[in-house]
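These features come from Swiss-Prot:
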| type | residues | note |
| --- | --- | --- |
| SIGNAL | 1-30 | signal peptide |
| BINDING | 160, 167, 168, 204, 213, 214, 215, 285, 286, 287, 318, 518 | substrate binding site |
| ACT_SITE | 320 | active site, proton donor/acceptor |
| ACT_SITE | 503 | active site, proton donor/acceptor |
């Protein structure tokens, strides 16, 4: 089953230049114009591992910083080409001090700090107080920064996450709306529209090293959120960007034969077109360089580039990482994200197709409405045909082995969240979730404890919200409320004890924040704040009055 994703000649040529430069004692030529990601004006955004590859590798290999993300977020104080040339020359001198060189040439970035709650502040009040601390505005950024400018203010998650993230932001925006911060919701939506217009897609985050991938496509849901305030005018305004995002996810579909894949698109044996996660690069992630190299080294039977691509695709999924993507369910080196057709991604793309059809209808574009409506129906049927497990739940699909994955996970509820599930299958999925994923602190992510952060025992705010909304949409209000109240109690317990909200929670009954993964637990925290406010509206003190 071929995976038709050969690198273009320009990229191969760029890699040759990089290898030649790495072997030289002097500065290499400036990377060609084809290298890096061009924006709409033709300017390039070049990631740190491309701008000064030898220095980048030396810093990461020598672990100058405990977090590999730290250096790629640092600001070069001079032209990268000059820094690179000086490094290649100076590193040959006796007594060369790498740390001192970095200190002279880069300004380090700090973490996003949030203040403890004021005495007596309840959970909702504290979250409202956090929004200003998490808000950033970089309409212009210093030259050569890895940060990508955005025209309007935005809210970051917090901690080591100093930039805006795509799918995080939808759940953050839910909280902003609940706090009455409607202008900030519009600002963030406009920023994402700007990213689509500038780069052709919404990157993982607004960093140059994130441009080679996206994240779960929630832009249409952001437009829905804005439409609650201004009606169909929002759909008409953002129709061009909705269509551009759709084109990004469907690029490569033309000419595919059955059982082939290209970029994000997979054509199944029956001719159905579905999607997978993907990344345009097959190198270690810059922000997790050593970790990715170590992972690839544990799979000597696989080409390293294949492992790197699957790690990057796992990062695009937002579930980085999870037994969901692992062939053996335990070892990260067995990751095969690009071989899997994920149920959540395809449910979200179904919603995107439906929203484009709605926007076209509002714009009196009949052919457009009918075309996207037909695409949505074809996708819905393909999901029902292939992404359903006979045990009674929606499941991911292994397109290479032509069978559904034998593991339920929280993504099984996305077809309910997006409204594509039949009533009968929604009910069976709800029963399976109640039997297998319900924990003392809310909804489990998976049923496996692999040591990865998107596995047992962690519960994540966005997945709680998807579950609650999906179950409510199909009349399973009691189960939705049970999940929502359990998670709220978990958040409240951590807040009462530690005075903060965190990225993820241990929902096994330990009443603490979550663990696992590649970095320490982060607090702030954008999507936990947003979902908590929405759950308080539904199930908190005084809800429904």
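Note that Cβ sites are derived from N, Cα and C of the backbone, with glycine treated the same way.
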Between residue 320 (active site, proton donor/acceptor) and residue 286 (substrate binding site): CA-CA distance (Å): 15
For residue 215 (substrate binding site), the number of other Cβ atoms found within 10 Å of its own Cβ: 22
Assigned element (helix, strand, coil) containing residue 168 (substrate binding site), judged by DSSP: helix
DSSP state at residue 286 (substrate binding site), helix/strand/coil: helix
Nonlocal neighbours by CB distance (under 8 Å) for residue 318 (substrate binding site), same chain, sequence gap 6 or more: 167, 215, 216
Cβ packing number for residue 320 (active site, proton donor/acceptor), 10 Å threshold: 22
Those binding-site residues listed as 160, 213, and which of them has the most Cβ atoms within 10 Å of its own Cβ: 213
Between residue 160 (substrate binding site) and residue 503 (active site, proton donor/acceptor), the C-alpha gap once rounded to whole angstrom: 11
Reduced DSSP assignment, residue 215 (substrate binding site): coil
Neighbour tally for residue 286 (substrate binding site), based on other Cβ positions within 10 Å of its Cβ: 24
